Amino acid sequence: MQRSPVEDANCLSRYFFWWTNPIMRKGFKEKLRPSDVYQAPSQDAADILAERLEKEWDREVASGKKKPSLLRAMARCYIKPFLLFGFLLYIGEATKTVQPQLLGRIIASFDPAHEPERANGYFLAFGLGLLFTARFLLLQPAMFGLHHLGMQIRIALFSIIYKKTLKLSSRVLDKISTGQLVSLMSANLGKFDQSLGMAHFIWISPLQCILCTGLIWELIDVNSFCALAAISLLGVLQAFLSHKMGPYKAQKVLLTNKRLALTSEIMENLHSVKAYGWEEIMETLIKNIRQDEVKLTRKIGSLRYFYSSAYFFSAIFVIVAAVVPHALSRGINLRRIFTTLSYCMVLRMTVTRQLPGSIQMWYDTMRLIWKIEEFLSKEEYKLMEYDLSITELELQDVTASWDEGPGELLERIKQENKANGHHNGDAGLFFTNLYVAPVLKDISLKLKKGEMLAVTGSMGSGKSSLLMTILGELVPSSGKIRHSGRISYSSQTAWIMPGTIRDNILFGLTYDEYRYKSVVKACQLEEDLAALPEKDKTPMAEGGLNLSGGQKARVALARAVYRDADLYLLDAPFTHLDIATEKEIFDKCLCKLMASKTRILVTNKIEHLKRADKILLLHNGESFFYGTFPELQSERPDFSSLLLGLEAYDNISAERRCSILTETLHRVSVDESAGMQPERSAFRQVPPTKPMYIDERKASVIVNPLGVARKASFIQVPEEEVRRTLPDRKFSLVPENELVDESFMGSDVYHNHGVHMAGQRRQSVLAFMTNAQGQGRREHLQSSFRRRLSVVPQSELASELDIYTRRLSDSTYDMTGILEEENIEACLTDEIDEIEETFETTKWNTYVRYVSNNKSLLYVLIFILFIAAIEIAGSVAGIFLITDELWREEHQRSEPNMTKHSNASSSGQTYAITVTPTSSYYILYIYVATSESLLAMGFFRGLPFVHTTITISKKLHQKMLHAVLSAPMSVLNTMKTGRIMNRFTKDMATIDDMLPLLMFDFVQLTVVVVGCILVVSIVRPYIFLAATPLAIIFIVMRKYFLRTGQQLKQLETEARSPIFSHLIMSLKGLWTIRAFERQAYFEALFHKTLNTHTATWFLYLSTLRWFLFRADILFVFFFTLAAWIAVGTNQDKPGEIGIIICLAMLILGTFQWCVATSIAVDGMMRSVDRVFKFIDLPSETPKPDKGKDSDLIIENVDAQADSSWPHRGQIEVRNLTVKYTEAGHAVLKNLSFSAEGRQRVGILGRTGSGKSSLFNALLKLVYTDGEISIDGVNWNKMPLQKWRKAFGVVPQKVFIFTGPLRMNLDPYGCHSDEELWRVAEEVGLKTVIEQFPDKLDFQLEYGGYVLSNGHKQLICLARSILSGARILLLDEPSAHLDPVTIKVLKKTLRQSFSTCTILLSEHKVEPLLECQSFLMMDKGQVKTYDSIQKLLNETSHLKQAISPAERLKLFPRRNSSMRTPQSKLSSVTQTLQEEAEDNIQDTRL
């Protein structure tokens, strides 16, 4: 970016915005790029603004006042410019009260009694033009200054909120949601930019009302209060309508949230939706929700229409209430009438627009400031006291709990009870039932420099919490921790920040080439970096989406190792690595490169325990064992023999190792507890022995397993019962036997902060950071990286995508809190629209197509314009009648009569042109002519317009949804899910809520302005001649501005997204950031993103003001010309002069509003244009021509007639070539094979060999060339939906949508309950479903998070059985399954699918051993297709397809059933093995 010209611009250039001329010219001629945008002015730099406000806030906190005031801190920073701009605004508004006086003097100058003063009319008209000039010369800089000041306040608040976020303690992070934080910084703080311009009207409007009422009193006496009462009544009506809209908005938010949640699930699982052939039912589900949403949208739209129309219809109320009675009682005095009407125009704008807007602005602002004050006052992360002189690590009797809120509350209540004299009674009972369970209890250890401690233990035993305690994230309630303070940390879930791989490893540190290369080599990253197109400078996508899970884990480990620290905390860094890579890193990195460093490694592998200097074994937060491995063998022989005796313990999955370890520790601890009572810390109070509400608690655990608490509990639940109901978790901060009542989910034990709304619960920031809410909610975003990068194989990438994107959508659609989160999607979605091909404004064909979607809208517009033309014609006719009558009566009346009427006035002053009662017939004509432009649209003409546009919105949503669901996956794969969701969220919200009323306002204001110009032009044709060139100039100038303005707005939108992406990214890696002490580095990055956005936003505001400034100049010039022409061509008809000048003043007052509305409508029509682009997406099943229809029917007659097709399931593939995009490279090349009916074919190959691509080709989800036939029927001769329904699919990524379990099994409702229960029993789900409160009608949420991965796979099997599919496709079903569920899966395949053809894709050998034939693939080609016996001899092919670790397991596994158990196994081991065999069908939550 180049330096902004405003920095060197002189005063005139800044005042008239001449400095924007270069960017305006460039934007008009060519497309603007981000590099074309000027830098933000130095005064708007985020660091400067943040430092200034933070200084004042710290001063406020240090003042010692009971409650620090953010408003006072902001006032000390910004009060001077705020008051200065307010003063300019008041002077500019005050000129409006002088304008009617000059209008009255102009009319009075044409009084026959003041004929010598008629020459002053030119000067008075010129003075009126000067007043308008002075007004916009004051208002334009004032409004720009207020908007600029609002921008500065927003930037400063953004910065201090972000800085506070980096300081929040983990306990606080567990009480607030990510959605709340983002909503605070987006939907709320964004209001400062625009709404600050309304702030001063809170005091300007009352003053203006008083002044106008007093001046009207001088004109029409007591009737002035009637005018004020009439307009005030409209203000009360607006307040009532606003109040009525509240409940409707709340209901609409819930429905919108429900629709968007379901839409998000479908869009993120489009692959599965198409594979199952569920497009129609998914479309119906969303359509039903949308129907109810549109009904509420219509009600809200109607209320908004009446609210908006109050301004336009206010003139008629004033006329009826004040002007008409005065005219009927005292005759028509033109000076009084026109002056009064001019004041009433000022008054109606003040009462119906400015004052309500200002009150609403202050109400919203104060609520926002209070929220920010509360947020800034929250508890901060406290740095522990370190001793840099020591080199060892020591923990002494450390006890800690993640949430001591209930304990603190108890202490407070105890103190209050003591103060009140209550020592017993109910309070005592309360205390006996409430206890806090620490996550760590009396942990002691000591490590010398260079030693390695291996921490292992059961699930939820406190391993990660121990590391958090050492980091200082978890503050111990008792005990001491001593270490040097220089710590490096690698989190359990690899965290990748946006940037290059080198940036992620260096993490803001200086580059040391030797150290960097050593770390990369030790972490086994050399080959991966060499395969990347830009090596270690390859940019990472959000969350590292273009890296596999193992690659991300190694990058995160390299970051921790690169930092030179005294203590390294490594939280399960090998979770996603294969055995060979893990062994290399452990040897070369942990044991060699870091040999001189103190290391704490969380692991559950025996090999690591053997080589560690010390071992800490945790169970239920307590130290089960601490010492060396030989001491473990001698002191705990039962435990060590158990683990050492298990066959290939280190070779099974990490989840399974943890499960076995948990069961072992549980059994051993139970055996020990029979002989001795373990000591308990005084921290936990003994709970009551009698269980309370066990049945209710059991149901609660099933319904909401996320309620597993780290906080407190009212009840005692048997440990075995708790273990049975808890889901497996990779990361847990608490022992699994700790439960909590739902009333303790928030920070206040008296209130239920864990509120469920529409079946959802807000996710805390801590849960977001730790991913503690289970893997069931992990939803993966399929981005364009899936098809573009070759480093990560395609089939692996789908299973390795980070949870980051799904968490964004969770926060986006979480409406359980404040309603401001309704607009959160516009901020959270990281998608940036594709670069527009053109930089023109919205094309006219978009408007035409929008209107043509409902012909009723065209008829409504024609009707509106027709009525407006009739009213204009009637008004013009009335003007001629009035002026002719007045001219005739003026010449017929005698001077004495005129004097008589003049003396009849209450003030005794001679007023201009008092009309006799004989003219009362024409009174209505006068008022209709004056207020014609205000009533042009009428009352009932706007309501059909609003309802018709809402109907169009409904149709657009329906068409877009159908188009997306019907589009081929090859097209959808090139789009991010965020981009698709933006169309259904931000764009549809614009089209639903904002566009109808704004378009109506634009049409209405346009008719007002055009009607006024036509009226004055007809009365004085010379005005039309003067207006024509000015109108042409304005149209050209508008087009000139919009070319640049719309591009800058687009760039601003793109620059806004990284702000919130950075916030979300920082929250996810907050512990890593604080462990590395990189807060200042990330604050600098955040300020950089803020400055980038500020540059585009400030430039957009400046160019917009450039246009409005010149538009005002243009129309002030028009007003002055119109006034001079009216005065110069007058033929003793002061009524015409009054009408012309009044309407010209109305044009000036309405025009800028009309211009701003037109710009806003043009911007919103871009949302319509984007929706049309999605509607125009190609379809998978285009409608064929009639001629082709008949041919198709003839060729498919046999297949169509045979309702049992396919009956055998025979598959034949010939010369199949597959591409994911039409222009992409082939991922499968000339593939040919065949499978007989009922045959089981195993598909073997390395990740990326093309296994998943083959399944996609069979389902016609990709571009294909070649032939596939089932039972002799070619796929080109079969309808797409019927072809896909021939397959049953069990994908890697299981699709569980929000809705009843029954619908997830049988979406079309074709099967009875008996059939569903029978199938559930076949697949082993019956016992699971019976535990649900509503059985088959149990509501599944969040992708079925209450179900394990195994249960979801079984649901897919149940779907396949119910669908009657003859061919079953299983894509790596064992990837996330435990051994028990794998056995259930195998048994189901043998029994329920014995008559089906099965294609099983795996990269592991064991699940494939029961297959009859094997298709071995490599690099998209068939290497071998034969039996397992022959493949075992093809060692060269096996080496290419199977990893070394799996190759080691192949031969022992072949004859595992023939081996006898080793005699060394203890009875505990035998019991475990027997349970695994006996309880195959017992799948538990």
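Residue positions begin at 1 at the first shown residue.
Using the three backbone atoms N, Cα and C, a Cβ is placed for every residue, glycine included.
As annotated by Swiss-Prot, transmembrane segment applies to 79-99, 124-149, 196-216, 225-245, 300-320, 341-363, 857-877, 925-946, 997-1019, 1022-1042, 1104-1124, 1139-1159, with the evidence given as experimental evidence. Annotation source Swiss-Prot lists topological domain 'Extracellular' at 100-123, 217-224, 321-340, 878-924, 1125-1138, citing experimental evidence. What Swiss-Prot records for 653-826 is region 'Disordered R region', and it gives similarity to another entry as the kind of evidence. Sequence annotations record features per position, and here Swiss-Prot assigns domain 'ABC transmembrane type-1 2' to 860-1163 based on sequence analysis. The feature domain 'ABC transporter 2' is assigned by Swiss-Prot to 1211-1444. Per Swiss-Prot, region 'Disordered' is recorded for 1452-1485. Summarising the annotation, Swiss-Prot assigns compositional bias 'Polar residues' to 1454-1473.
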PLDDT averaged over every residue in the topological domain 'Extracellular' (217-224): 80
Most Cβ pairs under 8 Å with the transmembrane segment (997-1019), selected from 225-245, 300-320, 1104-1124: 300-320
Contact call for the transmembrane segment (1104-1124) against the transmembrane segment (124-149), three or more Cβ pairs under 8 Å: yes
Of 196-216, 300-320, 1139-1159, whichever stretch has the most CB pairs under 8 A to the transmembrane segment (225-245): 300-320
For the transmembrane segment (196-216): best-contacting stretch of 300-320, 341-363, 1022-1042, by Cβ pairs under 8 Å: 341-363
Range from 79-99, 341-363, 1022-1042 with the greatest count of C-beta pairs under 8 A to the transmembrane segment (1139-1159): 341-363
Secondary structure composition of the topological domain 'Extracellular' (217-224) [DSSP: H/G/I, E/B, coil]: 6 helix, 0 strand, 2 coil
Long-range environment of the topological domain 'Extracellular' (217-224) - Cβ separation under 8 angstroms, sequence gap at least 6: 321-323, 325-326, 336, 339-340, 343, 906-907
